[in-house]
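The following features are taken from TrEMBL:
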- 8-118: domain 'HPt' (DOMAIN)
- HIS56: phosphohistidine (MOD_RES)
- 149-266: domain 'Response regulatory' (DOMAIN)
- ASP198: 4-aspartylphosphate (MOD_RES)
- 275-391: domain 'Response regulatory' (DOMAIN)
- ASP324: 4-aspartylphosphate (MOD_RES)
- 431-563: domain 'GGDEF' (DOMAIN)
Amino acid sequence: MNSNKPTLQEKIARLRASFISQLPKRLEEAQHQLILLKADPCMNRVAAVELHRTFHSLKGTGYSFGFHELAGIAGDAEDYTQQLLDLPDERTPPQWPDRLIGLLQELASQAQILVYTDMRKDQPLETPFFEMNDSSSDKDSKPGACNRLVYICDDEIDQVTHLSYQLRCFGYQVEHFTETQEFDRAVMKKRPDAVVMDVRFPHGGTAGTDALANIQKVTGQQLPAIVLSGRDDFEARLSAVRAGCQSYFTKPARPLELATALDEVMEEEVFEPYRILIVDDEPEVAQYHSLILEEAGMLVHELSQPANLLATLQEFRPDLVLLDVYMPDCTGQELSALIRQFPEYLSLPIVYLSSETDRQKQFSAMQVGVEGFITKPVIPEELVAAVALRAERMRSLRALMVRDSLTGLYNHTTTTELIEGALAQAKRKQESLAMVMLDLDSFKEVNDNYGHVAGDQVLLALSRILRHRLRTNDIVGRYGGEEFAILLKDVTPQVAFELVDQLREDFSKIRFSSGQQEFYCTFSAGISSFPFYLRAEELRIAADKVLYRAKKEGRNQVKLDDGNE
Ligand SMILES: Nc1nc2c(ncn2[C@@H]2O[C@H](COP(=O)(O)OP(=O)(O)OP(=O)(O)O)[C@@H](O)[C@H]2O)c(=O)[nH]1
């Protein structure tokens, strides 16, 4: 029996994901139709009708799935194509190809944003009896808003006040309690995203961890929690394990370490299922393996017709392919070789799932760049483990292509592409944008005085602040070594200035440590804006120029471009 039957929400989520994955292909087709259209001086009506249909379908499906931005552009394109179709040939305006090319470019930018967003999308939390914490929607709407809610429970008021202050600098919304009873009441009223709990309280040596264990017992749900305690003995640590706490820190608190641990416990709740493609000509066999993997939380697509493989790869975007070796139309070996003909699938893990036990035949079948061989009948746990391990590696590899490995922010190339896309969108919506170039001050000295590892901690802390304090639809990238590029959407230059200046102030108060030494760090930033500058490169140069001025005038400051540089 399949206990993992997808809910309606999950089915819709799958359909949305599939729509997103198909977008590049659809837009490619539209581009092809446009080329045909352009090639004919009298406008090829057949291609125009086809193009109209494509825009129409993108609009309809886009709205159905809630992609209003994309659907809006497709709607404009549809209207414009309809106007062209309604005109007699001799009255077609000369600028029509440019207008359509522009709209198509906007659609491509929008599609790119959706694809990236889809790669980093979170699953909603299931909190049936707690009041839903709606702070994430704040984050999307208000520039610079704090987001994730952390409860700190500790009876040492000085510790708590200082730690709350530092964690707020990292972008958490923090509430603190000095008594466990007060903490209990707050949790039942509003579930936090994570908890920092002390162990010892005046009324009990392990009263803090006991309170957490009790909440779990009463509600049946585990709160993501870490311990920060003055105790460092076996009993205290064991009580933390029993209360389900993921990390244990001893006082004094090191805010960056705690922020990192908090991120980890919160991220554990985010799970995007591995996407597995099973190619097997026997549907029942495919279904059986599919059930095992689905039971382990994976998303599985079964394919019995190898001829549909390429289309399926493109649409389903699997993290791994499980291939039967012997099929009537072609062999697994041939299919693997075919997959490897495409550069984009060179790193896609392929694993054979076959009843072939002859080691020699297995070995020769793997010569075409196949990762592994699992023999039927499978042991379910082994199948799940082998697939999960390889799929995870594929995920990490994909992330590497888009993100900077140290900070997890977008890398230089991705940042530049996303900024171009956002600019096209702002032009269409006639919204303002702010571009921020941000650079750590005297960072060489930090490395020289406290070591490269400490320098990396500073980079991590700054990226964490940027990620948490900016809205999810803002673009934050690591542009170079100690330089960051940020694009703030739909903000006036003044609002952008105030926001970045507040970040600067908060960041300057974060206490870093390296061995016994403690130090603080600052950054300088330059801001330029659209529509004052119309092109991405102009925006960057202008922001860079004022950043240079901020450095020259003493660092630890933000400068706003006024067009006079
Ligand atoms: N720890 C660490 N340091 C890095 C990384 N990338 C670049 N850096 C260092 O960043 C420093 C940048 O130094 P400079 O360009 O001289 O600038 P600065 O010392 O920050 O001085 P100003 O920008 O003028 O305030 C160099 O020492 C680089 O080695 C990294 O990933 N980790």
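Every residue, even glycine, has its Cβ placed from backbone N, Cα and C.
This view paints the features noted in TrEMBL onto the structure.
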residue	record	contacts (Cβ under 8 Å, 6+ apart)
HIS56	phosphohistidine	ALA74, GLU78
ASP198	4-aspartylphosphate	CYS153, ASP154, ASP155, GLU156, GLY208, VAL227, LEU228, SER229, GLY230
ASP324	4-aspartylphosphate	VAL279, ASP280, ASP281, GLU282, VAL285, GLY332, TYR352, LEU353, SER354
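In terms of DSSP helix, strand and coil, the domain 'Response regulatory' (149-266) has 57 helix, 25 strand, 36 coil.
Secondary structure at ASP324 (4-aspartylphosphate), as computed by DSSP, is coil.
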